[in-house]
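Taking it in order: structure first as structure tokens, then the write-up.
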Amino acid sequence: MAPVPPGIRLLVSFNRDQWYKALTFALTFLLYTSFHLSRKPISIVKSELHKNCSSVSELATAAASSSQQPSRASLHTDMDCSWKPFDKSNYKQLLGAMDYSFLCAYAVGMYLSGIIGERLPIRLYLTVGMLTSGLFTCLFGLGYIYNIHSLGFYIFVQVANGLVQTTGWPSVVTCIGNWFGKGRRGLIMGLWNSHTSVGNILGSLIAGYWVSSNWGLSFIVPGLIIAVMGIVCFLFLIEREYSLLMTGGGGRVRGKSGYDTELLLPRDNGTVCVPVQQVVVVKSESEPSAISFMGALRIPGVIEFSLCLLFAKLVSYTFLFWLPLYITKAAHLDAKKAGDLSTLFDVGGIVGGILAGVISDKLGKRATTCAVMLLLAAPTLYGFSMISEFGLGPTIGMLLVCGGLVNGPYALITTAVSADLGTHKSLKGNARALSTVTAIIDGTGSVGAAVGPLLAGLLSAGGWDQVFYMLMTADFLALLLLLRLVTKELTSRKPRPISTVE
């Protein structure tokens with residue numbers, strides 16, 4: 001008899017629940033990757049919406065001189081080097097207003113999204129959100145195809161997209177929290193949260209591929225991707241742990257107490273007859289009521305971590321929306337090369353998020369881990385602003401380090417800390433609080449995400465140094481807000497993974 005191949009032995013060594021956990025981990029990872037993938041194009045396209053008209057004119061004039069047609073070429077360049085209405089001298093404020101419109105709508109919608117998400121089937125809620133997000137992302141790109149130059153059109157699309165994108169984060173965090181317990185949650189969610197950086201990297205590469213030739217496709221392709229992933233979500237997402245009841249032909253299966261089978265199978269004195277098929281049966285007990293907004297705020301640690309995330313996300317999203325443009329201006333690179341280089345910040349973010357999760361699991365101190373990384377991030381940001389003028393090599397190194405230190409605390413708070421707080425012992429097992437707690441923390445952080453890019457647009461008019469001073473100040477404020485929790489952790493006798501929030 002032929003031996004069983006080692007690969008098959010490996011596959012069958014995992015039980016059914018482990019396979020479903022792996023499916024949920026991979027699927028939610030890909031779903032939220034598509035969310036961030038669809039947000040990234042605007043930062044890549046900014047440098048194309050407003051080009052350096054003077055340098056473009058010089059190149060065009062030189063080319064025209066050789067062809068003996070200087071006046072015509074120069075006129076064409078002056079008219080077409082930037083995309084109206086972003087061809088004016090206040091283009092930074094206009095681009096900042098687009099960022100602000102998306103992020104402000106996202107922040108406001110996030111508070112409502114968690115509450116709504118706890119009262120609707122997550123799979124359907126997430127599917128609708130992804131399909132509509134794909135629609136609005138494509139609409140932005142169609143502005144190029146149909147030659148639309150109305151600022152109001154782009155603002156409307158950004159606001160609508162910001163609102164529907166709020167369906168994503170509370171839903172995927174709730175799913176992953178339902179499937180994975182508190183053991184090694186920092187490591188698991190640190191790995192899982194790398195979807196943010198992976199989405200940013202893929203979004204940068206996809207948008208950068210078309211940015212110089214047809215920037216409309218920089219939005220349309222990501223919009224189609226998130227819409228397709230919405231269909232995948234509808235077909236495959238499992239919201240919480242299920243049991244599969246396998247039945248034989250004409251067999252009789254005794255009903256199990258504690259399982260909701262009445263909607264799937266008819267009852268007949270506790271025994272049912274079913275044909276040969278696989279039936280999904282939902283594990284459930286008496287459904288607890290959803291927690292109120294004020295009830296979630298009273299959970300110890302929610303307010304501190306929410307306000308800390310406000311400033312941490314301010315820094316992260318300022319980099320997300322403005323880094324490619326900064327590299328274009330500081331390093332004098334074209335839009336595609338600047339977009340590709342900016343992905344290194346997200347590569348560092350992947351490593352930083354994983355390290356933050358591993359260290360916080362090992363030490364049992366979530367707040368202290370965040371505080372140390374925030375403390376190191378502020379001087380690193382100053383170093384990046386100084387060293388980025390000294391060539392490509394130092395810039396690459398500082399991008400990786402800054403990405404790790406900036407995104408580490410942000411990743412830890414939005415994943416492991418949110419899940420810890422959403423399953424806090426004061427809730428007495430009510431897991432339906434997880435979506436609301438996640439929405440409160442991320443919604444508060446999104447206020448900072450809205451303010452950061454707007455301030456960057458205003459301050460950059462007086463020089464990029466002012467932007468970096470603003471980012472360093474935000475990091476120090478985030479650190480100050482964690483001091484009470486850090487003190488509590490350091491004075492605790494027994495280090496536990498969730499000592500801060502118990």
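For all residues, glycine too, the Cβ spot is worked out from N, Cα and C.
Among the features that TrEMBL reports, domain 'Major facilitator superfamily (MFS) profile' is placed at 27-490.
Per TrEMBL, transmembrane segment is recorded for 94-116 (among others).
Long-range Cβ contacts of the transmembrane segment (122-146) within its own chain (Cβ-Cβ under 8 Å, at least 6 residues beyond either end) map to 31, 34-35, 38, 41-42, 83, 116, 153-154, 157-158, 160-161, 164-168, 171-172, 174-175, 214-220, 222-231, 233-234, 237, 239, 435. The transmembrane segment annotation in TrEMBL covers 122-146 (among others).
Annotation comment: TrEMBL describes 191-211 (among others) as transmembrane segment.
The transmembrane segment annotation in TrEMBL covers 217-238 (among others).
Summarising the annotation, TrEMBL assigns transmembrane segment to 302-323 (among others).
Residues 185-191, 193-194, 196-198, 200-201, 204-205, 319, 323, 366, 369-370, 373, 396, 399-412, 415-416, 497 of the same chain, all 6+ positions outside the transmembrane segment (343-360), place their C-beta atoms under 8 angstroms from a C-beta of that stretch. The transmembrane segment annotation in TrEMBL covers 343-360 (among others).
Positions annotated as transmembrane segment by TrEMBL: 367-384 (among others).
TrEMBL lists 396-421 (among others) with the feature transmembrane segment.
Residues or ranges marked as transmembrane segment in TrEMBL: 433-455 (among others).
The feature transmembrane segment is assigned by TrEMBL to 467-486 (among others).
Within the chain carrying the transmembrane segment (467-486), a Cβ under 8 angstroms from the stretch's Cβ atoms is held by residues 301, 304-305, 307-312, 314-315, 318, 322, 326, 365, 367-368, 370-371, 374-375, 377-379, 381-382, 384-385, 409, 448, 452, 455-456, 459-460, 500, all 6 or more beyond its ends.
Listed as Cβ neighbours of the transmembrane segment (396-421) (distance under 8 Å, sequence separation of 6 or more from its ends, same chain) are residues 169, 173, 176-177, 182, 185-186, 189-190, 192-194, 196-197, 299, 301-302, 305, 308-309, 312-313, 315-316, 319, 341-342, 344-353, 355-357, 360, 366, 369-370, 373-374, 376-377, 380-381, 383-384, 387-388, 434, 437-438, 441-442, 445, 478, 497-498, 501.
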